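According to TrEMBL, the feature domain 'G-protein coupled receptors family 1 profile' maps to 39-289. The transmembrane segment annotation in TrEMBL covers 24-46, 58-80, 100-118, 138-156, 200-219, 240-259, 271-291.
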Amino acid sequence: MDNQTEVRKFILLGLSNVQGLQKFLFMLFLLLYLSTLLGNMAIMIVVVCEPRLHTPMYFFLCNLSCLDIFFSTVTVPKMLAGFLSGHQGISYTGCLSQLHFSYFVGSSEALLLAVMAYDRFVAICNPLRYTLIMSPRACLQLAVGTWTTGFLHALMHTVMTSRLHFCGPNHIQHYFCDIKPVVRLACSSSQLNLNLLNTITGSLAIGPFVFILFSYLYIFSFLRLKVQSKEGRRKAFSTCISHLTVVALFYVPVIFNYVPPSLENSPRWTMIATVMYNVVTPVLNPLIYTLRNVEVKRALKRRLFTRELLAQKMFCLAACVG
């Protein structure tokens with residue numbers, strides 16, 4: 001091992017090495033990334049500025065939008081730069097940093113979706129105690145807990161990956177530094193890394209997902225048996241379906257990637273699944289919550305479109321005076 005060269009730089013092979021696709025992929029992912037930024041920033045601005053949305057549900061939605069922005073920002077700008085330059089090199093330190101922040105944000109989002117399911121469970125099944133259980137302090141503690149757990153989970157993988165020795169091939173079959181393709185290149189034993197990936201990361205994927213499913217099974221049973229008002233059922237179902245759609249878009253590809261205990265998944269299918277929860281889902285989340293949520297749509301119209309019309313009127317007035 002002492003006579004072998006230590007790898008200090010990796011080459012990301014990316015989504016495709018076909019030259020004719022590079023410009024198309026650049027434009028596609030640039031559009032998706034800008035949509036992620038604009039959509040999620042709009043949600044955050046509206047939630048902060050609109051007093052009617054200062055509730056636990058929208059507080060957690062604001063956290064979700066923040067995580068979605070970070071999630072895409074960790075990987076997409078580097079991928080866009082690679083499309084332009086045709087070379088997707090990344091330093092050893094940059095690779096570890098990208099690995100850390102992608103797992104930090106991803107695991108935090110997985111836990112946050114479970115917290116949002118718990119919020120809906122309390123709001124629908126125990127409405128009289130909702131304000132007591134989901135107090136501002138409790139909401140803050142839940143949010144801090146999800147971010148802290150995600151950070152510690154990512155730190156574990158980062159430290160364990162940094163202990164591996166890389167001395168041979170440096171071509172990563174992915175568009176960012178994910179653990180599975182990185183540990184494939186290690187010269188030293190990576191069995192402990194894989195065991196942690198299968199047990200800890202697998203548990204972080206399956207545990208919250210099972211909790212969400214049982215929560216909604218109870219919620220739907222409660223609505224069917226206890227709630228007689230059709231309007232009450234419709235409103236409750238509307239918020240639940242939005243959240244369940246986001247859960248499905250996020251968890252299905254995550255479980256596909258991290259629950260199987262084998263490294264033998266096809267790199268192409270692994271990248272497709274990763275693109276789904278890393279790039280596509282952050283774009284769709286604002287649309288899902290906006291299109292199915294009357295309160296958010298009204299707030300967007302008041303906060304965004306009203307100011308735009310006011311600016312137009314001021315511009316016309318200034319033109320007339322001039």
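Note: Cβ is positioned from N, Cα and C throughout, glycine not excepted.
Contact between the transmembrane segment (24-46) and the transmembrane segment (271-291) is present: at least three CB pairs lie under 8 Å, with pairs separated by 6 or more positions in sequence. The stretch in closest packing with the transmembrane segment (200-219), judged by the count of Cβ pairs under 8 Å and taken from 58-80, 100-118, 271-291, is 100-118.
Sequence-distant neighbours of the transmembrane segment (100-118) (same chain, 6+ residues past either end, Cβ-Cβ under 8 Å): 57, 60-61, 63-64, 67-68, 70-71, 74-75, 142-143, 145-147, 149-151, 153-155, 157-158, 176-179, 201, 204-205, 207-209, 211-212, 215-216, 243, 246-247, 250-251, 254, 277-278.
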